[in-house]
Amino acid sequence: MQHPLFSVAQIRGIERTAAAGLEPGILMDRAGRAAADHAADLLGPGTGRAVLVLAGPGNNGGDALEVAAHLAAREQVTVIHLRGDGAQPSFETARAIERAGASSATFTDALPSAEPDLVIDGLFGIGLTRPLEGRGRELVDTINEYGCPVLALDLPSGLDADTGAVVGPDGIAVRASHTITFIGDKPGLHTNEGREYAGQVAVVGLDISQDQFPPATALLSTPDLFAHCLRARGQNANKGTFGNVAIVGGAHGMTGAPMLGARAALFTGAGRVFAAFVDPGPAYDSTQPEVMCRLAGGFDFGTATLVLGPGMGHSPDAVRDLLRAFESASPLVIDADALNLIANSPDLQQRLTQRGNAILTPHPLEAARLLGMTVPIVQADRLAAAHELAARFNAVAVLKGSGTVIAHGDQVAVNSTGNPGLATAGTGDVLAGICGSLLAQGWPLWEAALGGVWLHGAAADRLVRRGIGPIGLTAGELPLAARAVLNELVRRYARRRS
Ligand SMILES: NC(=O)C1=CN([C@@H]2O[C@H](COP(=O)(O)OP(=O)(O)OC[C@H]3O[C@@H](n4cnc5c(N)ncnc54)[C@H](OP(=O)(O)O)[C@@H]3O)[C@@H](O)[C@H]2O)[C@@H](O)CC1
Ligand SMILES: Nc1ncnc2c1ncn2[C@@H]1O[C@H](COP(=O)(O)OP(=O)(O)O)[C@@H](O)[C@H]1O
Ligand SMILES: [K+]
């Protein structure tokens with residue numbers, strides 16, 4: 001099943017169309033009821049717990065007041081309602097104000113002296129137009145220090161639902177442990193700062209019929225998007241069935257990078273794996289003797305899927321190898337130094353665009369160099385940056401980081417796996433090796449990128465679940481974990497086809 005992500009403009013459109021066919025206020029009734037149920041689940045069995053409800057001036061505040069009215073029957077509810085000095089509340093918010101006012105909830109301007117058992121964040125949702133300031137900012141500052149669960153309504157106040165950026169210069173947002181988001185899921189909850197601030201995300205469609213939803217802006221990447229490429233191995237398979245991968249890089253002093261990529265390719269099922277060194281490198285890898293070490297200069301680039309860039313350096317030999325690789329018809333994964341060489345060379349850019357058949361895997365700095373912009377601009381709208389990379393270089397673009405964005409043509413996906421254990425040197429080399437391995441096994445570019453990124457993150461998640469990381473997780477531990485995750489996926493999804 002697909003997991004769509006909608007822009008704020010799309011959510012507004014869906015809300016308008018749905019509301020036109022319903023009694024006024026029904027959608028807020030449903031949002032308030034669903035959020036109150038979610039809050040009750042977080043509180044667990046019992047009654048009389050202290051719940052702090054922060055309600056803003058708009059409809060997000062209306063949702064929060066509905067939650068307050070529902071919860072007040074069982075819990076000790078305190079409401080801080082920031083009314084703002086803008087327009088009058090909407091019909092549904094005015095009704096929510098009345099309902100909460102008629103309940104046993106206590107309204108106050110001051111935070112309670114003791115930390116509550118649960119905070120409901122209904123300050124701002126998709127109507128946030130500027131950074132938090134004044135009292136709103138003070139409240140967020142304080143609740144961000146609490147240790148109790150924080151349930152954000154629709155999205156954490158202060159976050160941009162489209163981009164996952166904290167609105168601001170010098171902005172602030174609620175750090176929620178849970179977010180219940182209404183009508184449809186939003187990209188900003190899953191990329192950039194979104195994963196940090198949104199916590200666990202639950203989506204409530206408010207019973208709006210699917211035919212009122214437009215095509216999604218993006219999809220959250222799950223194995224359903226690449227399951228059709230997962231295949232059990234036929235009994236009669238041989239190593240030639242699973243393709244050749246060559247990791248091309250490893251300038252003097254950087255031999256570890258291609259070795260990590262090569263191990264990742266091997267452990268995720270490539271038939272034969274080469275490490276092709278730009279400068280004279282090791283004769284063999286004593287830890288992984290299955291990897292065949294070669295000098296890139298003499299390697300026939302037409303015989304393997306090529307992963308270009310890990311530890312490649314910037315020497316004339318590196319450029320020569322890159323040019324030769326571009327002249328081959330082999331599928332390419334382009335990473336690290338290869339991306340920097342391309343960023344510096346209009347000629348390489350033109351050749352890449354003309355040849356196609358490539359996955360680019362930049363981190364935000366590499367993406368900024370390729371696009372001729374700064375990292376903050378790339379990060380301010382990661383979906384747009386990935387889309388632009390894909391269009392400009394005629395490739396599948398993988399913009400790495402928390403909530404990696406994968407883009408090609410009109411398609412955009414946001415990855416749902418991974419954790420900060422991956423923030424350590426060499427994990428990018430492993431990702432490039434996995435993508436190369438899947439390509440070599442016959443996966444199309446788009447699926448190899450989606451699957452490679454998902455698997456890489458899931459491998460890190462598996463290690464963390466087993467107590468290996470996030471602190472101290474090493475890139476070299478990922479390939480074995482990726483192997484386990486891939487075999488599990490194949491058992492779950494694959495039908496034997498050979
Ligand atoms: N309608 C429905 O049926 C449904 C609606 N739903 C809910 O509605 C939410 C959207 O509601 P919304 O459009 O009212 O926007 P919301 O996020 O409450 O904020 C707008 C208010 O904040 C103000 N403001 C903005 N920025 C500010 C700042 N930095 N600092 C201070 N003030 C600031 C702005 O006033 P301004 O000063 O800009 O005029 C305005 O008053 C959505 O996220 C979902 O939760 C769901 O229940 C589904 C059904
Ligand atoms: N905080 C994080 N959460 C999730 N994934 C992360 C995080 N930090 C880094 N990663 C992932 O780790 C990898 C790092 O790649 P890269 O920066 O190229 O590292 P290197 O060049 O050292 O191998 C990417 O796949 C990236 O998406
Ligand atoms: K909110």
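The backbone N, Cα and C atoms fix where each Cβ goes, glycine too.
Per TrEMBL, the features are as follows:
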DOMAIN    11-214  domain 'YjeF N-terminal'
BINDING   59-63, 125-131, Asp154, Ala257, Gly311, His363, Asp429  (6S)-NADPHX binding site
BINDING   Asn60, Asp121, Ser157  K(+) binding site
DOMAIN    222-489  domain 'YjeF C-terminal'
BINDING   Lys400, Gly401, Ser402, Gly403, Thr404, Gly428  AMP binding site
Binding-site residues compared (His363, Lys400) - highest count of Cβ atoms within 10 Å: Lys400
Entry from the binding-site residues list Asp121, Asp154 having the most other CB atoms no farther than 10 A: Asp121
Nearest recorded site to Ser157 (K(+) binding site) by CA-CA distance, among binding-site residues Ile126, Thr129, Lys400, Gly403, Gly428: Ile126
Entries of Gly62, Asp121, Ile126, Thr129, His363 which, being binding-site residues, have CA atoms within 10 angstroms of Gly428 (AMP binding site): His363
Binding-site residues close to ligand 1 - of Asn60, Ser157, Gly401, Gly403, Gly428, only those whose C-beta is under 6 Å away: Asn60
AMP binding residues Lys400, Gly401, Ser402, Gly403, Thr404, Gly428: largest Cα-Cα distance, in Å and rounded to whole number: 14
Residue among the binding-site residues Thr129, Thr404 whose Cβ has the most other Cβ atoms within 10 Å: Thr404
Other residues, Cβ within 8 Å of Asn60, Asp121, Ser157 Cβ centroid (K(+) site): Leu54, Gly56, Gly61, Ala64, Gly122, Leu123, Phe124, Gly125, Ala152, Leu153, Asp154, Leu155, Pro156, Gly158, Val174
Sparsest Cβ surroundings (other CB atoms within 10 Å) among the binding-site residues Asn59, Asn60, Ser157, Ser402: Ser402
Separation of alpha carbons, His363 ((6S)-NADPHX binding site) and Gly401 (AMP binding site) (Å): 7
CB-centroid shell, 8 A cutoff, AMP site Lys400, Gly401, Ser402, Gly403, Thr404, Gly428, site residues removed: His363, Leu399, Val405, Asn415, Gly418, Leu422
Listed binding-site residues among Asn60, Asp121, Thr129, Asp154, His363 whose Cα sits within 10 Å of Thr404 (AMP binding site): His363
Those residues of the chain, 6+ apart, with a Cβ under 8 Å from that of Gly62 ((6S)-NADPHX binding site): Met28, Gly32, Ala55, Pro89, Ser90, Glu92, Thr93, Arg95, Ala96, Ile97, Gly122
Pairwise Cα distance for Gly403 (AMP binding site)/His363 ((6S)-NADPHX binding site) [Å, integer]: 12
Spatial separation of His363 ((6S)-NADPHX binding site) from Lys400 (AMP binding site) - C-alpha basis, Å: 5
